[in-house]
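Undergrad: Okay, handing you the structure first.
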Amino acid sequence: MAAVAILCWRRPAAELLRALKYTSRGYASQRTLNEVVIASAVRTPIGSFQGSLSSLPATKLGSIAIKGAIDRAGIPAEEVKEAYMGNVLQAGQGQAPARQAVLGAGLPICTPTTTVNKVCASGMKSIMMAAQSLMCGSQDVMVAGGMESMSNVPYTMSRGSTPYGGVKLEDLIVKDGLTDAYNHIHMGNCAENTAKKFTISREEQDTYAIGSYTKSKTAWDSGILKNEIVPVTISKKGKPDTEVKEDEEYKRVDFSKVPTLKAVFQKENGTVTAANASTLNDGAAALVLMTTEAAKRLKVKPLARIVAFADAAVDPIDFPIAPAHAVPKILSATGLKKEDVAMWEINEAFSVVVLANIKMLGIDPQKVNINGGAVSLGHPIGCN
């Protein structure tokens with residue numbers, strides 16, 4: 001695996017043009033940006049923690065999603081020039097998890113691949129980075145997405161001499177996935193901080209969570225979510241193969257218990273519970289992205305066009321409201337008003353995340369997460 005960069009400095013124009021003539025089309029600059037379209041978008045079902053998908057590592061789930069996306073796009077695997085895949089909890093998976101997923105999906109061994117870790121935004125950032133490569137003309141067809149198997153994340157212990165009284169094992173789901181590395185608090189405590197800052201009650205969060213589960217069930221019953229799914233076949237020794245083709249989590253709720261659950265992260269006046277927070281899950285998603293020129297060449301009918309994207313960063317304890325800082329950037333870049341947006345998707349790491357962003361942005365709640373979200377469907381963090 002190698003990466004190459006070309007730097008342009010002050011040289012005579014004729015000499016510079018001669019140099020660019022021999023530059024690989026993969027990394028040559030250009031004056032105008034390409035239009036980028038989504039050719040396909042699929043995901044595996046989302047499995048519950050230690051549930052139906054727990055026998056498969058994240059890399060295998062990633063392979064299934066990538067192959068499904070390429071098949072759905074109707075293009076040869078050889079057309080994919082590069083891939084980015086998000087994956088947060090990488091310990092114990094072996095080198096370069098995204099590359100394992102790409103090769104497992106049958107892509108050529110010469111396909112450059114990068115694993116992206118931006119915690120819950122890993123999958124989205126992978127898509128943004130792929131779109132940038134396509135816009136700049138580095139590639140013309142790419143795969144991007146994310147994968148996670150929280151069921152297979154290991155425990156660890158520090159190296160060194162074994163102390164008297166034994167050793168302490170650390171759960172890497174908590175340490176590497178769910179703990180603010182700066183304030184040393186669980187993300188659930190960050191959610192509690194946001195709830196207090198924006199005066200969002202336990203009852204509001206519970207009501208939102210019940211709505212998320214209800215919308216997910218409606219979306220499954222109507223067949224909307226079925227169209228996103230690539231089934232996963234599970235092989236069992238001495239038993240017939242089983243096929244998983246539906247999300248597990250949204251069916252595991254008991255609405256009568258939601259108001260009675262105890263707060264998980266702050267016992268005294270806490271508001272975040274197991275019901276109004278997202279869950280630990282397994283799953284993968286992948287998209288095929290390409291330039292409009294590639295779509296014409298390959299006779300692909302795009303699903304959508306990527307118009308713009310934006311990032312924002314805030315104090316780690318305030319991570320729940322980061323979307324409200326990114327949205328104004330993208331509205332400004334596109335010249336749109338929030339009223340022009342027909343549908344909003346805001347990651348439901350916790351119910352309070354969506355409620356706080358709705359409040360900050362002043363957007364219509366009826367347009368937000370219309371088919372449910374991570375609270376009800378599940379949250380494989382590198383995949384969302």
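Every residue, even glycine, has its Cβ placed from backbone N, Cα and C.
Automated prediction, rather than curation, is the source of TrEMBL annotations.
Pulled from TrEMBL, these are the listed features:
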- 36-292: domain 'Thiolase N-terminal' (DOMAIN)
- Tyr213, Arg252, Val253, Asp254, Lys257, Ser278: CoA binding site (BINDING)
- 301-383: domain 'Thiolase C-terminal' (DOMAIN)
Undergrad: Would you mind ranking the binding-site residues Tyr213, Lys257 by how many other Cβ atoms sit within 10 Å of each Cβ and giving me the lowest?
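TA: Across Tyr213, Lys257, these binding-site residues, the one with fewest Cβ atoms within 10 Å is Lys257.
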Undergrad: For Arg252 (CoA binding site), what residues in its own chain, 6 or more apart in sequence, show a Cβ-Cβ distance under 8 Å?
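TA: Those within reach of Arg252 (CoA binding site), by Cβ under 8 Å and sequence separation of 6 or more, are Ser48.
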Undergrad: Counting by DSSP, what is the helix, strand and coil composition of the domain 'Thiolase C-terminal' (301-383)?
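TA: Its residues divide into 40 helix, 8 strand, 35 coil.
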Undergrad: If you skip the near sequence neighbours and keep only those at least six away, which residues in the chain come within under 8 angstroms of Val253 (CoA binding site), Cβ to Cβ?
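TA: Listed in sequence order: Tyr213, Ala275, Ser376.
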Undergrad: What is the number of other Cβ atoms found within 10 Å of the Cβ of Ser278 (CoA binding site)?
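TA: The answer is 27.
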Undergrad: So how far apart do the CoA binders Tyr213, Arg252, Val253, Asp254, Lys257, Ser278 get, largest Cα to Cα in Å?
TA: 16
Undergrad: Among all protein chains shown, how many Cβ atoms are found within 10 Å of the Cβ of Asp254 (CoA binding site), not counting that one?
TA: 8
Undergrad: Any idea what DSSP makes of Asp254 (CoA binding site), helix, strand or coil?
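TA: Once the DSSP labels are grouped into three classes, Asp254 (CoA binding site) ends up as coil.
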Undergrad: Restricting attention to the domain 'Thiolase C-terminal' (301-383), give the mean pLDDT.
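TA: So the average pLDDT across the domain 'Thiolase C-terminal' (301-383) works out to 98.
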